[in-house]
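Record features, source TrEMBL:
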DOMAIN    39-186  domain 'Casparian strip membrane protein'
TRANSMEM  46-64  transmembrane segment
TRANSMEM  89-112  transmembrane segment
TRANSMEM  124-151  transmembrane segment
TRANSMEM  177-199  transmembrane segment
Amino acid sequence: MKSDSVAVDVPAESSSAIKGKAPLLGLARDHTGSVGYKRGLSIFDFLLRLAAIVAALAAAATMGTSDETLPFFTQFLQFEASYDDLPTFQFFVVAIAIVAGYLVLSLPFSVITIVRPLAVAPRLLLLVLDTAALALDTAAASAAAAIVYLAHNGNTNTNWLPICQQFGDFCQKTSGAVVSAFASVTFLAILVVISGVSLKRP
């Protein structure tokens, strides 16, 4: 009788052990796939941050060095065009510099998401701050683009004459700064999308 009871108990234990282990193996496989996927997104996020830093610094430096002086009859009477003559361009330089500084400071958090792909807090923090940086960058680039358009084409309704025929170098630099700023806007928009996607569970 004892041998029969032991024979009955052994299959029951083995079947329960098998049932208990099967779901755990499936979860382990899904977990491994999620780690690899999120680590790949984190590496791409880090590379995009580097590209956005380059674009933002290029935009701020180009606008900050935009300056042109035209002599008029004599050297004592001159016309000068500089970015600090227009408050919009001043706002552009300050805002883009802030965005570039934020992107540099966000690199360690991006590295943390690479080392710990399943960490939620750094990704959520980057998502919130990236969205704020994107709004600031977009506002600065859009405002500067409007002034650059007026410099190229003027406005007949308000008697604003185009100045780019006289200040060609100045307009070329400001236009380049706006292009670089919109490049950083694009990179930041992709970063926001990546952060949002990486927070979702696969």
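Backbone N, Cα and C atoms are what each Cβ position is placed from, and that goes for glycine too.
Only residues 6 or more beyond the boundaries of the transmembrane segment (89-112), in the same chain, are considered here, and those with a CB under 8 A from a CB of the stretch are 42, 45-46, 49-50, 52-53, 56-57, 59-60, 63-64, 66, 83, 119, 122, 125-126, 129-130, 133, 136-137, 139-141, 143-144, 147, 174, 177, 181, 184, 188. Outside the transmembrane segment (46-64) by six or more residues, the chain places 83, 89, 92-93, 96-97, 99-100, 103-104, 106-107, 110-111, 114, 137, 141, 144, 173-174, 176-178, 180-181, 183-184, 187-188, 190-191, 194 with a CB less than 8 A from a CB of the stretch.
Within the same chain, residues 45, 56, 59, 63, 86, 88-89, 91-92, 95-96, 98-99, 102-103, 106, 109-110, 113, 160, 162-164, 167, 170-171, 174-175, 177-178, 181-182, 184-185, 188-189, 191-192, 195-196, 199 sit at least 6 positions outside the transmembrane segment (124-151) and bring their C-beta atoms closer than 8 Å to a C-beta of that stretch. Within the chain carrying the transmembrane segment (177-199), a Cβ under 8 angstroms from the stretch's Cβ atoms is held by residues 38, 41-42, 44-45, 48-49, 51-52, 55-56, 58-60, 62-63, 66, 92, 96, 99-100, 113, 120, 123-124, 126-127, 130-131, 133-134, 137-138, 140-141, 144-145, 148, all 6 or more beyond its ends.
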